[in-house]
């Protein structure tokens, strides 16, 4: 039986949500050059896969975190899936902006949380973990307890692993970088010669250069 990590990795590859271009890297908003790009928001356009993600995240929330009082999605990528999970579990939903609105109530958190609530945060992708953990901080400032985070995918960067450890946030993901690379190699999505390039990038993405 396939693990969830491998199964979801295959599904992402099937809908071409994963782009692997070692010779022609992407440029992230951070300025990092990357041979790997994950656009798992594409799952929203496939009803059966969208439902799969909703049910798997909901199962993880129930199995891993016990009593949960609310679901929070990190804007903007995790808002749709977070809302679907909250609906499935019949729980209140909020979402957390990256910056407060510049008009109206200037909210950072949209929706209603009450002090003492136990919250699970939903995220679509973990890279450095910075924006995800800012959302956690905002929820904690509201007097709530973040009991965990569930994300669709993580790159597994050392900086993110350390950041989540320091923030004392239990992170669970549906799949990860290693599972996607393994599936991509087995299905011919990438070649053997691509693997060292991709491995070197993951070890030090901030300083990686194509062809080196």
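From the backbone N, Cα and C atoms, a Cβ is placed for every residue, glycine too.
Features reported for this protein in Swiss-Prot:
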BINDING   97, 101, 103, 123, 124, 125, 126, 127, 128, 129, 130, 131  5-phospho-alpha-D-ribose 1-diphosphate binding site
BINDING   127  orotate binding site
Could you tell me which of these binding-site residues, 127, 128, has the greatest number of Cβ atoms within 10 Å of its own Cβ? 127
When a 10 Å sphere is centred on the Cβ of residue 124 (5-phospho-alpha-D-ribose 1-diphosphate binding site), how many other Cβ atoms does it contain? 24
Inter-residue Cα distance where the pair is residue 97 (5-phospho-alpha-D-ribose 1-diphosphate binding site) and residue 127 (orotate binding site), in Å: 17
Looking only at 97, 126, 130, the binding-site residues on record, which one has the least crowded Cβ, with the fewest other Cβ atoms within 10 Å? 130
Quick check: in three-state DSSP terms, what is residue 126 (5-phospho-alpha-D-ribose 1-diphosphate binding site)? strand
Which state, by DSSP, holds residue 97 (5-phospho-alpha-D-ribose 1-diphosphate binding site): helix, strand or coil? coil
